[in-house]
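Student: Annotation source TrEMBL lists ATP binding site at 8, 9, 10, 11, 12, 144, 145, 146, 147, 148, 149, 150, 151, 152. Annotated substrate binding site per TrEMBL: 54, 59, in sequence order.
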């Protein structure tokens, strides 16, 4: 277990170092390429209730995806992380303006306030069709290297208990986040698909 933790930590460092060398322009370019791939993806097109992350600087930018979701009339859910635990809820947001008014966390991400009880939580209602997943690293066997808090693994376990069942999961990645092999254990839930810019 300790060896696995150490291997994950080493890989996190390595991937962070790789992503840190990518220019802002290149991140923007890859983000648009992957967003376009997503827009024509059958799962995205057929999904009505979608959870999406608000991106940090070292993650694929999801701004265009969120805009498209509102334009297409899809229901958009974003994470509210509890910093003291590995609990996360997916709460509904109504517009880009709605997102801009949300408070910033210590990670500099906007999310609904802790005492904001006015929003629909995805699993308390109709569940989710699709979750767009962040992560630090991914391999071709669809294993995901998260930041070590277990937010998404725990949430997917909760999804399984919902009548709708586990939603389809698509990770959004820069090419630089692809790894030869991500070290995993039984608690790590593989994702259904990783979207990134293919090498021509």
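Every residue gets a Cβ built from N, Cα and C, even glycine.
Here the structure is a predicted model, which means the values were calculated and not measured.
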Student: 8, 12, 147, 149: which of these binding-site residues has the highest Cβ count within 10 Å of its own Cβ?
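Tutor: Comparing the binding-site residues 8, 12, 147, 149, the most crowded Cβ belongs to 8.
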Student: Which one, from the binding-site residues 10, 54, 145, has the smallest tally of other C-beta atoms lying within 10 Å of its C-beta?
Tutor: 10
Student: Might you list, by sequence position, any residue in that chain lying six or more from residue 59 (substrate binding site) with a Cβ less than 8 Å away from its Cβ?
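Tutor: For residue 59 (substrate binding site), the qualifying residues are 53, 134, 172.
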Student: Please give the greatest C-alpha separation between any two of the ATP-binding residues 8, 9, 10, 11, 12, 144, 145, 146, 147, 148, 149, 150, 151, 152, in angstrom, as a whole number.
Tutor: 21
Student: Between residue 10 (ATP binding site) and residue 54 (substrate binding site), find the distance joining the two CA atoms and give it rounded to the nearest Å.
Tutor: 25
Student: Among all protein chains shown, how many Cβ atoms are found within 10 Å of the Cβ of residue 151 (ATP binding site), not counting that one?
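Tutor: Result for residue 151 (ATP binding site): 19 other Cβ atoms within 10 Å.
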